[in-house]
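Features as listed in Swiss-Prot:
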type	residues	note
BINDING	CYS5, CYS8, CYS25, CYS28	Zn(2+) 1 binding site
ZN_FING	5-28	zinc finger
ZN_FING	65-107	zinc finger
BINDING	CYS69, CYS72, CYS98, CYS102	Zn(2+) 2 binding site
Amino acid sequence: MLLFCPGCGNGLIVEEGQRCHRFACNTCPYVHNITRKVTNRKYPKLKEVDDVLGGAAAWENVDSTAESCPKCEHPRAYFMQLQTRSADEPMTTFYKCCNAQCGHRWRD
């Protein structure tokens with residue numbers, strides 16, 4: 001846990017005092033004795049993950065091809081091509097199974 005000095009705003013360090021441990025500031029003379037166990041937990045709020053392929057809307061108007069799904073063996077798959085690397089590299093082809101119950105995604 002990191003506490004800050006109320007006087008100057010710098011981080012406080014823990015040092016051993018005469019009677020107990022204490023929070024002390026290296027910049028100014030602020031000192032606060034620690035008389036009990038200090039705990040504090042804060043869990044950060046997680047961001048929603050953005051689908052880098054554009055989510056479900058990206059697959060609405062794409063073509064399908066005769067590519068077999070590796071998961072369910074369905075004979076057709078939707079596909080789209082994106083440039084994921086530098087311009088001198090070939091485009092990456094992304095597939096999505098046409099079987100509505102499967103919907104498996106993979107890339108070539």
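Using N, Cα and C of the backbone, Cβ positions are placed for all residues, glycine too.
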Rounded to the nearest Å - Cα separation of CYS25 (Zn(2+) 1 binding site) and CYS102 (Zn(2+) 2 binding site): 60
Top Cα neighbour of CYS8 (Zn(2+) 1 binding site) in the set of binding-site residues CYS69, CYS72, CYS98, CYS102: CYS102
Tally of DSSP helical, extended and coil residues in the zinc finger (65-107): 0 helix, 16 strand, 27 coil
Under 8 Å by Cβ from CYS98 (Zn(2+) 2 binding site), counting only residues of that chain that are 6 or more apart: SER64, CYS69, HIS74, ARG76, ALA77, TYR78
Near-site residues: Zn(2+) 2, ref CYS69, CYS72, CYS98, CYS102, CB cutoff 8 A to centroid: LYS71, GLU73, HIS74, ALA77, CYS97, ASN99, GLN101, GLY103, HIS104
Environment of CYS5, CYS8, CYS25, CYS28, the listed Zn(2+) 1 site - residues of the same chain whose CB lies within 8 A of the CB centroid: PRO6, GLY7, GLY9, ASN10, LEU12, ASN26, THR27, PRO29, TYR30
Rounded Cα-Cα span from CYS102 (Zn(2+) 2 binding site) to CYS5 (Zn(2+) 1 binding site), Å: 57
For CYS28 (Zn(2+) 1 binding site), nearby residues of its own chain (Cβ under 8 Å, 6 or more apart in sequence): CYS5, GLY7, CYS8, ASN10
Position of peak Cβ density within 10 Å, selected from the binding-site residues CYS5, CYS72, CYS102: CYS5
